[in-house]
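To start, the structure under review is shown below, and the notes come after it.
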């Protein structure tokens, strides 16, 4: 157990440092420190997401009995991924720090780096930081100890929620470098909207539906048939996903509405009185 935790504690920060070093030194790139930090953090998040999604697929497809069947990868990947959430709080802060400098707010990240930039970061990213803290302090012990080896299928399906992360990270990179006008940003925005809705918003309703089929009870009766802790945990985890999805929808609306408004109006037809008009 401790060895897996230690491996995760080395892997994610080490991968971040390796990617940052490569982006700064590869000929043809040689990005600045700030650019390398921001992109490296997004790449690490995407790699973790792909690893979690792969683990989730293996676990979910290996469990015939969604309650009793177990897979060794479930607890192992939870232990391996826990250090990621601790590392990511720091990585998000570093991204915020360099974005402040790019915007010209050197005073926020120079004279009082901890008092000003850190408090500003915590205010701006409070929900995301809280989500990471809850994952480490509550979801980790619940998933490893409280479940007592049951429900690996559900844990595997929850890993699949990370499928939406790569498109979210790519979208943030494109916005950071003002590429909102590109076709890639629009295609990625549509993909992000679909994957986030399916993998995160519909996640818990699907888990309730799966349990209802397993227990042969109607879907609307499932909340009354499971422990209250399950309902509370599902509600607390789903609430920020719905909030973030609403933000994504609002951003998508602005993107595509802005695109339609920016199109030039069609040319007016020439009348007979126009210089180039034809009689």
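For all residues, glycine too, the Cβ spot is worked out from N, Cα and C.
No curator has checked TrEMBL annotations; they are predicted automatically.
Among the ranges 47-69, 231-253, the one that TrEMBL lists as transmembrane segment is 231-253. Among the ranges 11-32, 77-98, the stretch that TrEMBL annotates as transmembrane segment is 77-98. Within the listed segments 126-147, 258-279, TrEMBL records transmembrane segment for the stretch 126-147.
With respect to Cβ pairs under 8 Å, the transmembrane segment (153-175) is most closely packed against 187-211, considering the stretches 77-98, 126-147, 187-211, 231-253.
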